[in-house]
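Residues or ranges marked as transmembrane segment by TrEMBL: 12-33, 53-78, 99-117, 277-295, 307-327, 333-354.
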Amino acid sequence: MKIIDRYFYEEMGAPVIFGISLFTFIFLIDALVEMMENIIVKNVPVKDVLSLISYYFPPVLVQTIPMGLLLGVMISYGKLSGNSEIVALESIGISMTRFLRPALILGVLTMGFVFFLEEEVVPESYTKFGMLSKKIAYRKPAVKIEEKVFVEGIGDYNIYINKMDNEVSEAENLIVFKKESDTPFPEVIISKKAKWKKSDMILENANFYNINSKGEKELSGSFEKQSIPINTFFGNFSINKKRKSMMSITELREAIIKRRKKKINSLSYEIEYQQKLAIPISALILSFLGVLLSVKNNRNGKGVSFGISLVIIFFYIMGINFGRLLIYNKVLSPIVGMWYPNLLLLLLSLILFYKQTRSR
């Protein structure tokens, strides 16, 4: 590595870390407030809250790393330009293309890292986040369980609650469906009252009904009180049907192929797939643009760089959302709708590059 490259990397290091940290904190503010509420008001264990934050972190990084890279590159190159170091380097024959190389290499490395997060880390993080959220919800019903909501996927049980008192963790008039392996019909438990103590759901004044494979009532009875250990539901808990955001790029591509073969609408999967491809590549384009916006502005400080980066990011996010709207309205294809913000940024970068190389 040449001395000039190492110097540029050293100058970019701290600003890029600062930019990523800043945007990550901004994106996490709402989540952090909710987590603190869970600790203070709802008595969720600190360990579980910290685990939730750690699982939520990688999906946020996928979005904030390209943003932070833009800000970091603008700050570092703006500083070099403001100190007349860019002018000094130009005076000894170093071209604009040479200035760009360290930022572009960093952009390529960042792009690869974001792809790695999307493919390997984010799907697992989403899965663990969903599993832990459900565990917390059913250990402490006041956190999640609501009245008149059919809750599925608690191990072998599905629950419907007519009335819920979250203050004392008690429910009235609920129906519990327990899946049975030897019949397509579940065991049905109708309970007048239920309460939660630690990790147990205690049913009171309940009737139960077993239905055979013919759909006929085979056995029925009643009990005054029965305890169901909720925590055991999650011993072998897994999410059988992944949401699109929980899928890797490879899984999305496979899902699209399968749905097309079955002639099932795959539009939402195609949108997610194209977005997962477009966002990492935006890191490379934004690093390119960040240099071009900074080297001519000799008085760029952190505040100005932050303001410009915010404007660019705002329009980029708006562009993605607008593209999604146009796709669903069948105005654009998923490829065009998800990629045109990148193409616009690239076009702007090329125009600036052309103007600056012509003027030098």
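Every residue gets a Cβ built from N, Cα and C, even glycine.
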Problem set entry | the transmembrane segment (12-33) touching the transmembrane segment (277-295) per 3+ Cβ pairs under 8 Å rule | no
Exercise. Any residues 6+ beyond the ends of the transmembrane segment (53-78) with a Cβ under 8 Å from its own?
Worked result: 8, 11-12, 15-24, 27-28, 31-32, 35, 86, 99, 103, 106-107, 110, 113-114, 117-118, 121-122, 125-126, 128-129, 132, 245, 279-280, 282-283, 286-287, 289-291, 293-295, 297, 300-302, 304-306, 308-309, 312-313
Problem set entry | Residue numbers, six or more beyond the limits of the transmembrane segment (12-33), whose CB comes under 8 Å of its CB atoms | 53, 56-57, 60-61, 63-65, 67-73, 75-76, 79, 102-103, 106, 306, 309, 313
Exercise. So what's near the transmembrane segment (333-354) in sequence-distant terms, Cβ-Cβ under 8 Å and 6+ beyond its ends?
Worked result: 96, 267, 270-271, 273-275, 277-278, 281-282, 285-286, 288-289, 292-293, 312, 315-316, 319-320, 323-324, 326-327
